[in-house]
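Per TrEMBL, divalent metal cation binding site is recorded for A:134, A:165, A:191, A:239. Marked as Mg(2+) binding site by TrEMBL: A:448, A:521, A:597. Residues annotated as domain 'VOC' in TrEMBL: A:305-415, A:445-589.
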């Protein structure tokens, strides 16, 4: 698949954009006209810079409001087009995007449109230019890709074809199956964009909220599958108008963009194989060849669970105290590194003392159990995840590490059927293992981890965990806090053995450094939360103090048994209930930017106590501002 | 008018919110349930704190999903309501908001709803509580205020009334005139919110985009006029869910909120007077008394023009050089202050050398010609604008100054019929006035001023200039820049003698200090821009360098005379044309955060060269990142 991206997706100058696209590994780019018009680079400069960077200049765009106009305007439009064709020849470009008219069309007649497009195609032919005509979702008269294609067929000129843009097609819910019947010779270009499903006018949706494939909710693999089956083999190019991407670091956004296409390529191949198999049976179908070759990635399967979580700090005393009070046992120090292992049942927490001085405690790394760390790491690296180097001595387990968009280190670990981890033998040689062998924590596991995300990298994080770790984004929630709404995006495996919560903090907090002002946590699940809480209280744990008003409201909502309600209040436990089950949980005080949560899931409860999140935020805010 | 605000409008804890509301001068507040539930304050604490602060606790809200439910759920709902009634008695509150059911209603039958509401009203009566039933715009079965009112009438119980919320009514385009026919005894509460007109699902619109009155596009004065005519005299209370306000400084947002109600009160009185006069003729109608008394403000009329603009810096040499090169004449120093006056025609620029050391040049103040500075200042102060103190000596003109939301100082000056300013005599005694008496700048005026706005205070700024200076917001534009989209809000007088452009910079830039990274400018209009530019070039002015690609595109778009095009390019002039006329302009290089623009308007051109703004942003970005 030939990969491309429109310069309008990115921040910066044309030069910065082109360099970022080359570094990210794109085959070609679309030149967004305004980027050229505002650039000090001459067309010749752009041409030679693209050649030096190994970037194809695949599409000049957009040319607007051409068709269905009165004769005077047609003349001016043809003049305007010729000026652009001349410019394109200096750029060494051969394809221009012409959008269906949204503003100046006064004649709604296919014959007139076809006749005018024929004139344009003729002129383009004289200049060796190909015109890709596209139906905008909000086109005044032409807003359906099949309509645009019919016009292309009516004109039947070698220099006129169509451009298919997933946003314009999927935002209008047009059926994508008929794409397969289009003549591939007449599909001059394919643009892809994803988007969250929003109920708003399609122009605003398009101009502000598009995201890269895998970051939204469109069925892009299916769209691409139909495109491939049509026989198209040209560029597949991102055109994503997004308010945040336009403000973010250009190099980083370009990599995020490239990742989305690599992932889409794999998903499209999968859709094709699955769909062929369903239709024709057997594996022969999946070996069918199409003009567009779709590269594959190292396979991924969902992680089986969390292997460990790592917290770092220069002063680890408060962390050690908290974990001890929660019921974790100290398993010893690593034989060569300044790290400690603490465990409770199958929940393993590493305390990393190697942090720079004056570093407040924060979540540094997560380990996931995967089938094959090497294959998973190879996949992540092909998806452009930065590799994390970790020093190892001979005889120590080598961790495959990659860096997530928020800089959390993700380690891909060899899972074991019994939930143990071989690397733990590197800890605490000769030390007495103090893990309580029974007690309420015996069956503890990491239930979920909640990571604060910088506002610029939220969509990137969703795609990262989707593509590299096969986690599935769940519908997001918005939680009120005293500092604003917190957007909370849960990513899980299908069996919910791994639950990761990405929290997008309000911008006010993100203005300084997210990690400092916004708190993250690790939650552990136990079988008996009340017993765990009592034991922790007896060990002197500092619980997050839940206001009395909360319990009064809880009782109004749930009509709880008075004894049970008293127990909840006595132990600062929070409670939620839905049709599937019940949820009990409590939070510790915060050290640095980290706190811990203990949870008990009863029945089929699958949530996170979302109705209680505002209470947590308010109490944390209050203690932060009191101190 | 009794003023109120729901705590959900503001950031912070319940305590912080209550304090901010008291300082801003609200009569009462609505307690948003979640703010109480998450608070460590007991109901008794809240009650006594409110009493100490002089704040009424006017409404407890919201109580959700009561009506149209199955019998089991009704029982639970009544139990839940009774718990809240008991809570309210401890809070000393007597009115609760009950919203029409959006989730759990299974029976769509007015008789059933009325019967259930009657049970609720009976229970409320036992506790001395009044229930204000409100139709939510997205209510499952009840989403129209007249429907909610019919149910109230059907029940006909002294403890059941309705709540009118401008958002729920105006977002659905319900006719507001029938409000006048409602029995005022049955209107228990009125909530007001404004909103920009957006095409999106009403729930998202409501939860994220509401703004304070005067900051959106709803006809609130008319809504309020009908409410007043109905005979209602209870609280008029803001309920504004806004993502930005929830993140901003609580004290400041509370003042912004209060300003919006003061302004709405005046606008409502005006609407009533105007509407009565139209209907009945004469002034008797406008003297009609209603139970709700509407306070008036000192009158305002539009400013007649800019009196001056002031730029400050510790090192003013570069500013002096730029102004001199543009054709401004140095009129001398102030006789007692470290400020200089420069003029070109009627355009006056003050260079303030009193700035703190290491202060980069920035726009510090704007003077506006008004009919009466004292009345205008009194008005602004009643609208809670902070007063700016400026030292004056005997015999000097006293400026009435207020501080705008972005900290620009706004001075209200005595206009004169000939456009001169009396205070200029305080400058340059004995100095030779070097203003060129003829030449292209003879008729120069300040055309517009462009101020960068911090993202948290954009809506506040719109209301400030609307209410204090009678400027009218025009439809806003979004301009692409290499750092993201810039939202540009033009505010003008009806004759366009004053044009103020508020630019909301992308958040990336706002993260450090807006003024440092984002540029502002003062634009001067002349009769002959080409001559002005030539003269400036001859004096060595550093123009903002416009890329050659721009002129090629300009020619493609406008088919310009080759000689004219060459002149534009030679002088780095930008050009725009629309149906009304033409616009020529150029920009200077930037010093500190300030640059200047010279413009020529031909014919009836009323814009600002918006199509050229991306070029300016790109070139400025490029020079900022090159240096």
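Using the three backbone atoms N, Cα and C, a Cβ is placed for every residue, glycine included.
Where the annotation comes from TrEMBL, it is an automatic prediction and has not been curated.
Of the recorded residues, residue A:165 (divalent metal cation binding site) and residue A:521 (Mg(2+) binding site) place their C-alpha atoms 41 Å from one another.
Distance noted between the C-alpha atoms of residue A:597 (Mg(2+) binding site) and residue A:191 (divalent metal cation binding site) is 44 Å. Every protein chain shown contributes to the tally, and the Cβ of residue A:191 (divalent metal cation binding site) ends up with 26 other Cβ atoms within 10 Å. Note: the CA-CA distance between residue A:134 (divalent metal cation binding site) and residue A:448 (Mg(2+) binding site) rounds to 45 Å. Secondary structure of the domain 'VOC' (A:305-415) per DSSP (helix as H, G, I; strand as E, B; remaining residues coil): 20 helix, 47 strand, 44 coil. Taking a C-beta cut-off of under 8 angstroms and a sequence separation of 6 or more, residue A:448 (Mg(2+) binding site) has the following same-chain neighbours: A:499, A:500, A:501, A:523, A:608.
Cα-Cα distance from residue A:239 (divalent metal cation binding site) to residue A:521 (Mg(2+) binding site): 36 Å (rounded to the nearest whole number). Other residues of the chain with a Cβ within 8 Å of the Cβ centroid of A:134, A:165, A:191, A:239, the divalent metal cation site, are A:97, A:163, A:164, A:166, A:167, A:168, A:189, A:190, A:192, A:193, A:237. Residues A:448, A:521, A:597 make up the record's Mg(2+) site, and a Cβ search at 8 Å around their centroid adds A:447, A:449, A:450, A:501, A:522, A:523, A:524, A:587, A:596, A:599 from the same chain. Distance noted between the C-alpha atoms of residue A:521 (Mg(2+) binding site) and residue A:191 (divalent metal cation binding site) is 40 Å. Mean per-residue pLDDT, taken over the domain 'VOC' (A:305-415), amounts to 91. In the three-state DSSP classification, residue A:239 (divalent metal cation binding site) falls within coil. The local packing around residue A:239 (divalent metal cation binding site), expressed as other Cβ atoms within 10 Å of its Cβ over all shown chains, amounts to 27. A count of other CB atoms within 10 A of each Cβ picks out A:165 as the most crowded of the binding-site residues A:134, A:165, A:597.
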